[in-house]
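Q: The structure that follows is given in the form of structure tokens.
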Amino acid sequence: MASLRKTHPLIKIANDALVDLPAPSNISVWWNFGSLLGLCLITQILTGLFLAMHYTSDISTAFSSVAHICRDVNYGWLIRNIHANGASFFFICLYLHIARGLYYGSYLYKETWNIGVVLFLLVMMTAFVGYVLPWGQMSFWGATVITNLLSAVPYVGDMLVQWIWGGFSVDNATLTRFFAFHFLFPFIVAAVTILHLLFLHETGSNNPAGLNSDADKISFHPYFSYKDLLGFVVMLLGLTTLALFSPNLLGDPENFTPANPLVTPPHIKPEWYFLFAYAILRSIPNKLGGVLALLFSILVLMVVPVLHTSKQRGLTFRPATQFLFWTLVADMIILTWIGGMPVEHPYIIIGQIASILYFALFLILIPLAGWLENKALEWV
């Protein structure tokens, strides 16, 4: 008699994904981030749900309702701090997950990779509309500046901006719809995540060697279920430590001031996890050019599989491309730093050089290095 987990129509699906899934025996801790992202999403949905029970999406009460949550609601301060810092951990895991994919050539699973890029965009949109909700100064001005970028779209730009705003400026209609979007998007993210997994399980996981691992598989449970559990403990420990000891470390002090359309903050900048893209946007003096560069800074990930020139899958045995990969990591850190700096010398030129290098690495240098390594292998 086969066990219930192998016969029940619903439990069978979970079993094939979480229990009897054949996984490569050599996948390292870098393969933990997928499950960590799932944990982040669940944490954000749960804390967000409890916050939504007490939040009011009206410009006259939004800021006060957040203060009320932190002061008067049972453990409201904790729920809010976990939700706000959970977003940062979400993006840390996202960037590490993408970096793993780039390093080990996981992007060659094209459907899985492209759905992942769509997920990345969806999570970015969710985080952006969520940042507007507390209705502080940086919430308001961040929303104004970023939505205003759509006015760069030829012909329909201005109409598009007014359509998103629901008026002629960021106002009550904007806040209400952003709350609706912020509530909806995580569930769309959850649905697309299932698609992401569906396509991944068509091929099975990649591994650090970049070789076919069909001959050497082990079951997901207990080996990787416990390994994932360890990752959960480490991440939750980090998240609770940040949320309890320095919850405002990654936030902007401007957001402690209620939104005021008449006073512009000295430096308008998004949360730290968007700064690299913001730096690329600012480094182009033309509005439409900046918007296109911003968009392409994310969409460039979609062309990575097309530009794969190497005979080998990962970078494990490719020192030249390894060097360029770590150059890309350093470049991202520089862009993040520049995004938080004022627009003045020398930050402008550093940002422009870093932006050019960012695209050059993806589109020219890494594919070229792969081709050169192929040539070098022919001489061995």
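Placed from the backbone N, Cα and C atoms, the Cβ positions cover glycine too.
The model shown is predicted, which means the values in this text are computed figures rather than measured ones.
In case it helps, Swiss-Prot gives these features for our protein:
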BINDING   H83, H182  heme b b562 binding site
BINDING   H97, H196  heme b b566 binding site
BINDING   H201  ubiquinone binding site
TRANSMEM  33-53  transmembrane segment
TRANSMEM  77-98  transmembrane segment
TRANSMEM  113-133  transmembrane segment
TRANSMEM  178-198  transmembrane segment
TRANSMEM  226-246  transmembrane segment
TRANSMEM  288-308  transmembrane segment
TRANSMEM  320-340  transmembrane segment
TRANSMEM  347-367  transmembrane segment
Q: Please indicate, using numbers and ranges, the residues of the same chain that are 6 or more beyond the transmembrane segment (288-308) and have a C-beta under 8 Å from a C-beta there.
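A: Those are 98, 102, 105, 107-108, 110, 113-114, 117, 120-121, 124, 149-150, 152-154, 276-278, 280-282, 355, 358-359, 362-363, 366-367, 370, in sequence order.
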Q: Using Cα coordinates, what distance in whole Å links H97 (heme b b566 binding site) and the residue listed as 'ubiquinone binding site'?
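A: Checking the Cα atoms of H97 (heme b b566 binding site) and the residue listed as 'ubiquinone binding site' gives a distance of 17 Å.
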Q: Over all shown protein chains, what is the count of other CB atoms within 10 A of the CB belonging to H182 (heme b b562 binding site)?
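A: Its Cβ has 22 other Cβ atoms within 10 Å.
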Q: Rank the binding-site residues H83, H201 by the number of other Cβ atoms within 10 Å of each Cβ and report the first-ranked residue.
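A: Of the binding-site residues H83, H201, the highest Cβ count within 10 Å belongs to H83.
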Q: Taking just the CA atoms, what is the gap between H196 (heme b b566 binding site) and H182 (heme b b562 binding site) in Å?
A: 21
Q: Which listed stretch (33-53, 178-198, 347-367) has the most C-beta pairs under 8 A with the transmembrane segment (226-246)?
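A: Of the candidates 33-53, 178-198, 347-367, 33-53 scores highest.
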Q: For a quick check of packing: other C-beta atoms within 10 Å of the C-beta of H196 (heme b b566 binding site), how many?
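A: Around the Cβ of H196 (heme b b566 binding site), 21 other Cβ atoms lie within 10 Å.
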Q: How many Å lie between the Cα of H83 (heme b b562 binding site) and the Cα of the residue listed as 'ubiquinone binding site'?
A: 30
